[in-house]
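Among the features that Swiss-Prot reports, active site is placed at D385, D438, with the record citing similarity to another entry. According to Swiss-Prot, the feature domain 'PA' maps to 95-173. Under the heading N-linked glycosylation site, Swiss-Prot lists N83, N176, citing sequence analysis as support. The signal peptide annotation in Swiss-Prot covers 1-27. The annotation topological domain 'Lumenal' is assigned in Swiss-Prot to 28-196, 270-278, 341-345, 392-429, 484-488 on the grounds of sequence analysis. Among the features that Swiss-Prot reports, topological domain 'Cytoplasmic' is placed at 218-248, 300-319, 367-370, 451-462, 510-540, with the record citing sequence analysis. Annotation source Swiss-Prot lists transmembrane segment at 197-217, 249-269, 279-299, 320-340, 346-366, 371-391, 430-450, 463-483, 489-509, citing sequence analysis.
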Amino acid sequence: MDSLRFLRILLLSSSILLLSLRSTVTAGDIVHQDNLAPKKPGCENDFVLVKVQTWIDGVENEEFVGVGARFGKRIVSKEKNANQTHLVFANPRDSCTPLKNKLSGDVVIVERGNCRFTAKANNAEAAGASALLIINNQKELYKMVCEPDETDLDIQIPAVMLPQDAGASLQKMLANSSKVSAQLYSPRRPAVDVAEVFLWLMAIGTILCASYWSAWSAREAAIEHDKLLKDAIDEIPNTNDGGSGVVEINSISAIFFVVLASGFLVILYKLMSYWFVELLVVVFCIGGVEGLQTCLVALLSRWFQRAADTYVKVPFLGPISYLTLAVSPFCIVFAVLWAVYRVHSFAWIGQDVLGIALIITVLQIVHVPNLKVGTVLLSCAFLYDIFWVFVSKKLFHESVMIVVARGDKSGEDGIPMLLKIPRMFDPWGGYSIIGFGDILLPGLLIAFALRYDWLANKTLRTGYFIWAMVAYGLGLLITYVALNLMDGHGQPALLYIVPFTLGTMLTLARKRDDLWILWTKGEPERACPHHVRLEQCSEK
């Protein structure tokens with residue numbers, strides 16, 4: 001097996017892996033719903049994340065994040081409207097019986113357990129507390145709900161649950177100082193963040209670059225093919241075989257592609273852990289190195305053509321150009337540095353560079369041969385996205401796609417198979433993210449459109465590429481609108497992108513009477529150079 005074929009197989013394997021995660025989500029939803037905890041009078045709050053800012057002796061100290069209860073007074077959203085109130089521990093600590101300490105508008109801290117949450121809140125309110133902080137007995141947060149048989153739900157103080165480590169920190173503060181105060185508020189996310197604009201431009205730019213590279217290569221191959229025909233060469237190299245470095249998928253492989261992605265998604269969901277994410281990081285680094293190397297070699301070969309055309313035989317890999325040997329160490333070091341520092345705030349830059357390079361390279365290698373295959377692939381992916389974001393909740397009691405995207409149970413901030421940008425003006429921080437498949441799958445169809453336009457000598461207006469790009473941009477824009485309307489809950493991007501992109505291509509093709517040739521052949525009819533030469537000879 002030569003190095004080129006090995007590279008292609010490696011990249012295809014990576015692309016299958018990456019396609020298993022596609023939902024566009026934001027890290028850390030601040031508003032949560034729970035169908036297992038239905039609302040009723042006096043117990044109808046949304047589960048919102050709450051910031052608990054502390055002060056010691058008037059000096060600002062640690063900030064904790066908790067979750068508001070289904071019952072009680074709603075928590076203010078603006079920091080300026082939140083009062084800075086004295087903190088005390090309840091006596092008894094569980095607040096399951098009337099409190100012995102009399103409070104005057106203090107925020108009381110209680111421990112979870114021994115009685116219902118509403119009983120703790122009623123006892124705290126009766127003692128004069130202005131708010132209730134319940135410390136969980138685990139590191140995770142827990143949604144505080146009302147029991148089905150509860151009727152006394154007229155609770156007029158807010159209740160917030162904090163994780164176990166926050167409780168330990170608060171206990172240490174109160175042990176060292178008697179002047180500890182806190183401020184409770186739940187700021188809202190902005191309707192639109194600049195990060196979403198940049199992410200939109202990043203997705204558009206990635207498909208644009210990949211499409212032009214793919215179309216340029218296809219046109220060069222077509223010109224070379226015609227030249228060989230004109231020279232009357234008996235054996236014309238087949239540009240569709242493995243020697244060209246291009247892999248064309250068919251309808252069967254498109255369906256199998258999505259089935260395999262579903263299987264891998266379930267494996268991710270079931271085996272998600274720290275060590276499994278480490279394995280994904282290694283796989284991502286391998287694919288990222290190959291992608292970055294391919295892009296850099298293609299770019300630099302215009303200035304260093306001699307180094308790009310001179311090869312040396314490397315054991316186990318076969319012939320490799322000097323330019324590839326020069327670029328490879330940089331790519332490897334870049335990926336290793338990202339892997340080492342990936343938990344730092346600046347690591348998203350390296351992740352996006354590796355991800356974009358990998359997507360562009362896969363779009364250069366994998367081709368959709370016609371509109372029929374593109375329709376099958378995107379239709380299957382459309383159903384796949386809807387199933388694993390929405391329908392999977394019925395089977396697994398949570399959205400499998402979103403759980404995998406967030407990297408739950410992994411101890412890390414999501415898996416690396418996505419592009420992300422920090423939310424710049426969001427008080428909660430986090431990232432706006434988009435799965436590789438939301439770029440890669442529509443990109444296959446859009447790149448096909450540009451290849452057809454160039455081979456058919458169509459202009460931007462009379463071609464299909466520009467309209468497919470506009471449709472993709474609108475579909476992705478609608479995705480972000482839906483994301484914000486749903487309070488940041490994960491949205492299957494292909495639910496909006498596929499109808500826009502595929503619908504535009506099919507409608508235009510039918511209107512222009514190109515549907516049959518796009519659906520079956522995928523390239524325009526071209527005159528045979530031999531026929532042209534024979535006609536010229538007969539005229540003499």
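Just so you know, glycine gets a Cβ as well, placed from its N, Cα and C.
Highest local Cβ density among the glycosylation sites N83, N176 belongs to N83, counted as other Cβ atoms within 10 Å over all protein chains shown. When each of 197-217, 249-269, 279-299 is checked for Cβ pairs under 8 Å to the transmembrane segment (371-391), 249-269 comes out on top.
Here the C-alpha separation of D385 (active site) and D438 (active site) works out to 10 Å.
Long-range Cβ contacts of the transmembrane segment (279-299) within its own chain (Cβ-Cβ under 8 Å, at least 6 residues beyond either end) map to 7, 10-11, 14-15, 17-18, 213, 268, 308, 321, 323-324, 327-328, 330-332, 334-336, 338-339, 342, 353-355, 357-362, 364, 415-417. The two recorded residues, N83 (N-linked glycosylation site) and D438 (active site), have Cα atoms 44 Å apart. The stretch from 197-217, 346-366, 463-483 with the most CB pairs below 8 A to the transmembrane segment (489-509) is 463-483. Long-range neighbours of the topological domain 'Cytoplasmic' (451-462) within the same chain, counting only residues 6 or more positions beyond its ends whose Cβ lies under 8 Å from a Cβ of the stretch, are 214-216, 218-219, 222, 367, 518, 522-524, 526. Same-chain neighbours of the topological domain 'Cytoplasmic' (367-370): 214, 246-250, 377, 444-445, 447-448, 451, 518-522, counting only residues six or more beyond its ends whose CB sits under 8 Å from a CB of the stretch.
Taking the Cα atom of each, N176 (N-linked glycosylation site) and D438 (active site) are about 52 angstrom apart. In terms of DSSP helix, strand and coil, the topological domain 'Cytoplasmic' (451-462) has 5 helix, 0 strand, 7 coil.
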